[in-house]
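Notes to accompany the following structure.
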Amino acid sequence: SRQWLFSTNHKDIGTLYFIFGAWAGMVGTSLSILIRAELGHPGALIGDDQIYNVIVTAHAFIMIFFMVMPIMIGGFGNWLVPLMLGAPDMAFPRMNNMSFWLLPPALSLLLVSSMVENGAGTGWTVYPPLSSGIAHGGASVDLAIFSLHLAGISSILGAVNFITTVINMRSTGITLDRMPLFVWSVVITALLLLLSLPVLAGAITMLLTDRNLNTSFFDPAGGGDPILYQHLFWFFGHPEVYILILPGFGMISHIISQESGKKETFGSLGMIYAMLAIGLLGFIVWAHHMFTVGMDVDTRAYFTSATMIIAVPTGIKIFSWLATLHGTQLSYSPAILWALGFVFLFTVGGLTGVVLANSSVDIILHDTYYVVAHFHYVLSMGAVFAIMAGFIHWYPLFTGLTLNNKWLKSQFIIMFIGVNLTFFPQHFLGLAGMPRRYSDYPDAYTTWNVVSTIGSTISLLGILFFFYIIWESLVSQRQVIYPIQLNSSIEWYQNTPPAEHSYSELPLLTN
């Protein structure tokens, strides 16, 4: 209907992002189950390494560009930023709509790329010469590049929109130092997107012309260098991983302070500076993904040290969350369970990151399952746990309905066991030298791979249970009578769900 297709309402567009992200998440999860099924026993299941690599590549692209980013930035960002700023809507409401509607064509292009020719079996990094016209002939990689172009344009437009909204549309009284941490996290994320995505666009456009127009940016035969591609890609790719986690940081800050019954997060100004520091440092560490290409020892020393420095502002955030929790009598609501799970598991993932920051160690562990375990701890148990926490926490605000808390707690336990069983053994596999992006392995690696695959099945059950819980809530229609929160953030002063136009008169906020 016209309301959805041509919407200029931040709430409706946010809801579209949630639905799109959930759908893409199911596709991405299905691909991950295929990966674990293939690795669940020695020997072949799919029987074709190209198809296996296409599945791995698509799993990464879908989870990053079509699940985490649309839900965190598009879903939570659109819904909450205007409400938390006391703004009537986003600064550019029609551009907001366009940002969303660029995503379904982008996802379609990605899915089509896997259905024509041989698919793009390059890994999400799309390194040449494997992604060149010789090793990957046909249209698949080109379609994947176009998909990334559209998703990138969508994100850049969204970033401009969020930055403008935050600069221009804050209510009187919301000074920058008093702006909610989630809004801060989104605006920092938007800045990172704005600065990093054009570099990715440049890299993949150069790859496109290398493949189709006979240029040789990345071809040594014509004076090019494949390492240039790696530098360009990772100059985008490292900020990207912070883009995936920063909005999660913002949500976790809100959830922990509200569930602790505190007025604000401990050290909220320090939290802002920490996020700014993470955003800045994220741009000057990219070559730690390239320790194995052969860099000078002093270059490696720099990237090792700079990478470890990121642990400092991250540690400030972890300990501030713990300080916020300090002295509270917690009632273990589902949202706080996810938030506590986030703090613990994100810390574990961060520690393995510090291990990998050591360039000499990384040369051994690069492209092994240790790296896979590291980034799935921070993404599958960082970003995803933050999404789960945020969704459960703000669901009553978004819908005016309540979820079944007892079921949500069981679902948390199932999911917690599932993801840890899936990814913890991968540390052992990596230390034992099992390489990434292979569809088979020597028998010695069987045991932990079987454990990992069992874990992925448990996770799948947890996700299906979650969708059932949401369905049950929607059909039961248990209305929220009044929010039980201590209103530490102004979005809770809305009706549940908020009126279509939340702030007809601009609010005046005083201390």
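Every residue gets a Cβ built from N, Cα and C, even glycine.
Among H238, H374, H376, the residue that Swiss-Prot places alongside H288, H289 at the Cu cation binding site is H238. Comparing H289 (Cu cation binding site) with Y242 (O2 binding site), their Cα atoms are 14 Å apart once rounded. Contact between the transmembrane segment (412-432) and the transmembrane segment (336-356) is present: at least three CB pairs lie under 8 Å, with pairs separated by 6 or more positions in sequence. Scored by C-beta pairs under 8 angstroms, the transmembrane segment (266-286) has its highest count with 303-323, from the stretches 181-201, 232-252, 303-323.
Looking at H59, H374, the binding-site residues in this record, the fewest other C-beta atoms within 10 angstroms of the C-beta turn up around H59. When Cβ neighbours within 10 Å are tallied across all protein chains shown, the highest count among the binding-site residues H238, H366 belongs to H238. Of the Cβ pairs linking the transmembrane segment (336-356) with the transmembrane segment (232-252) and spaced 6 or more residues apart, 3 or more are under 8 Å, so the two regions touch.
Among residues of the same chain six or more beyond the transmembrane segment (378-398), those with a C-beta under 8 A of the stretch's C-beta atoms are 11, 15, 18, 63, 68, 71-72, 76, 79-80, 241, 244-245, 247-249, 251-252, 254-255, 258, 334-336, 338-339, 341-342, 345-346, 348-350, 353, 408, 412, 415, 419-420, 422-423, 466, 473, 480, 483, 491-492, 494, 496-498. Cα of H288 (Cu cation binding site) to Cα of E38 (Ca(2+) binding site): a distance of 30 Å.
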